[in-house]
Amino acid sequence: MSVDPSPSVAGETPPRPSRGSRTSAVEVRRSARRRRTVSAYREGDRTIVLIPARMSEAEEQRWVGVMLDKLAAQESKRTLGDGELAERAERLSGQYFGGRARPASVRWVTNQNTRWGSCTPAEGSIRLSHRLQGMPEYVVDYVLVHELAHLLVPGHGPRFWRLLEAYPRTERARGYLEGIVAADRLRHSAPDGDGDESDDEGPAPAPAPGASRSEGEPVGSEPDGS
C-alpha cells in the first residue's frame with residue numbers, strides 16, 4: 001500500500017511493545033487524503049503509523065497494535081541468526097574474494113554503538129552491530145564484505161578499498177548508513193559510548209539510527225468496513 005507523504009494532523013501515542021519486536025516510540029499521523037489504508041514503517045527509533053483522519057481513537061489504538069505486530073513479523077523474517085550470518089559471510093567470501101577470507105566466527109553483538117561492524121584479523125572474528133538487523137540485505141552484506149576484506153587487508157589503505165570495489169552496492173550501502181548517521185547527529189549532540197575494543201572499527205560510525213524512511217520497509221493494510 002502507498003504511504004501518504006503529506007499528513008495533515010500528527011499525534012503522539014505512548015510507546016507500545018509488540019510481540020517479537022523492539023520497544024519504540026509510536027507516532028500516529030492522520031491524513032485527510034488517506035481514505036482506506038493504514039501503513040507503518042520504522043524511522044530511526046520511532047515507528048510511524050499513517051491512518052485516515054476520520055478514524056476514531058478506539059480504531060487508532062487497535063490499528064497501531066495491528067501494524068506494530070505486522071512490522072515485528074516482517075522484521076523477524078529478515079533477522080539472521082549467528083549461524084545463518086556465518087553462512088552468509090562464507091557465501092560472500094566465495095562470491096567476492098574467491099573464498100580467501102575465512103572468518104573463525106561471525107556473530108551479532110549488542111555493545112557496538114559507534115560502529116556497524118568490527119573485525120579482529122588475528123582471531124578471525126567478525127562482529128556486526130545488532131542495529132543492522134532489519135536493514136536492507138544489501139546493507140548487511142556490505143558490512144559483512146567490509147569486515148571480510150579486513151581478514152585480507154587489516155588497514156583502510158588503497159588496497160583495501162580496491163577489494164571492496166568487487167561488491168557492486170558499496171556506494172549505495174555507504175550512502176544508506178551515512179544518511180542514518182547524519183540524521184542522528186541532527187538529533188543528538190554526542191554519540192553513545194562503545195564498549196567493544198577491536199582492531200577494526202568497521203565501515204562507519206553507528207550512533208543510534210536516526211530518521212530514515214528507507215530503514216524499515218512500509219507495510220500496509222486496509223481497515224475493515226471502510
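Every residue number used here counts from 1 along the chain in the order it is shown.
Note: Cβ is positioned from N, Cα and C throughout, glycine not excepted.
Caution: TrEMBL annotation is automatic and unverified by curators.
Bear in mind that the values here come from a model prediction, so they are computed numbers and not experimental data.
As recorded in TrEMBL:
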type: COMPBIAS; residues: 193-202; note: compositional bias 'Acidic residues'
type: DOMAIN; residues: 109-177; note: domain 'YgjP-like metallopeptidase'
type: REGION; residues: 1-38; note: region 'Disordered'
type: REGION; residues: 185-226; note: region 'Disordered'
How does the domain 'YgjP-like metallopeptidase' (109-177) divide up by DSSP, counting helix, then strand, then coil residues?
-> 34 helix, 10 strand, 25 coil
Give me the mean pLDDT over the domain 'YgjP-like metallopeptidase' (109-177), rounded to a whole number.
-> 92
